[in-house]
Amino acid sequence: MSLPEKAFPVSWDQFHRDARALAWRLAGTNGRWQAIVCITRGGLVPAAVIARELGIRLIETVCIASYHDYSEQGELKVLKEISPSLLEEDGQNILIVDDLTDTGKTAAIVRAMMPKAHFATVYAKPKGRPLVDTFVTEVSQDTWIYFPWDLGFSYQKPIADGEIG
């Protein structure tokens, strides 16, 4: 798989710095969050960093699959729902975390589940930007972000796809 013309490879160090920067921004909002709901899988890593930095102990997940072949967004499917107890009060005092908002389709589904929650992503593209309350870096819509969990020295298919190496 070759990198697209506008590739943005992100190292583990850079992602950690950006996730901590997001935590700093969130700390400045004076939010008193009782829990984080992270959108899996991309939200897992920033949620762990943010939970540590802000002292949040409860992390819940919602799983919405959108990238089925690592290149294009497909049909959105909710694979795991949010715990009903966190849906009370429409997500008031809940922090939703993801790595990226791209088209905003995933964000819109989660926002509909928790309209009063605070939505934070590390990166935002213009189409998804209106659905996010806090983010760190905006990238152009035609940029493909390569996250460190997708990369070795080059893009690596997941082991489950049958190729090791």
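Glycine residues also receive a Cβ, built from the backbone N, Cα and C atoms like all the rest.
As the structure is a computational prediction, the values presented were derived from the model and not from experiment.
Over in Swiss-Prot, the protein carries these features:
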type	residues	note
BINDING	R41, G42, D98, D99, L100, T101, D102, T103, G104, K105, T106	5-phospho-alpha-D-ribose 1-diphosphate binding site
BINDING	D99	Mg(2+) binding site
BINDING	D102, I145	xanthine binding site
BINDING	D102, I145	guanine binding site
BINDING	D102, T103, G104, K105, T106, W144, I145	GMP binding site
Quiz item: Counting all other Cβ atoms within 10 Å across every protein chain shown, which of the binding-site residues D98, D99, D102 scores highest?
Solution: D98
Practice problem: Report the same-chain neighbours of G104 (5-phospho-alpha-D-ribose 1-diphosphate binding site): residues 6+ apart in sequence with Cβ closer than 8 Å to its Cβ, ordered by sequence. | Solution: K127, G128, R129, P130, L131
Quiz prompt | Residues that sit under 8 angstroms from L100 (5-phospho-alpha-D-ribose 1-diphosphate binding site) by C-beta distance, when 6+ apart in the chain | solution = G42, T121, V122, Y123, A124, K125, G128, I145
Exercise. Would you measure the largest Cα separation among D102, T103, G104, K105, T106, W144, I145 for the GMP site and round it to whole Å?
Key: 17
Self-check item: Local Cβ density at W144 (GMP binding site) - other Cβ atoms counted within 10 Å
Solution: 15
Practice problem: Do me a favour and check the Cα-Cα span between D99 (Mg(2+) binding site) and T106 (5-phospho-alpha-D-ribose 1-diphosphate binding site); whole Å is fine. | Solution: 12
Quiz prompt | Distance in Å spanning the most remote Cα pair of R41, G42, D98, D99, L100, T101, D102, T103, G104, K105, T106, given for 5-phospho-alpha-D-ribose 1-diphosphate | solution = 17
Quiz item: About how far apart, in whole Å, are the alpha carbons (Cα) of W144 (GMP binding site) and T106 (5-phospho-alpha-D-ribose 1-diphosphate binding site)?
Solution: 17
Quiz item: What does DSSP assign I145 (xanthine binding site), in three states?
Solution: strand
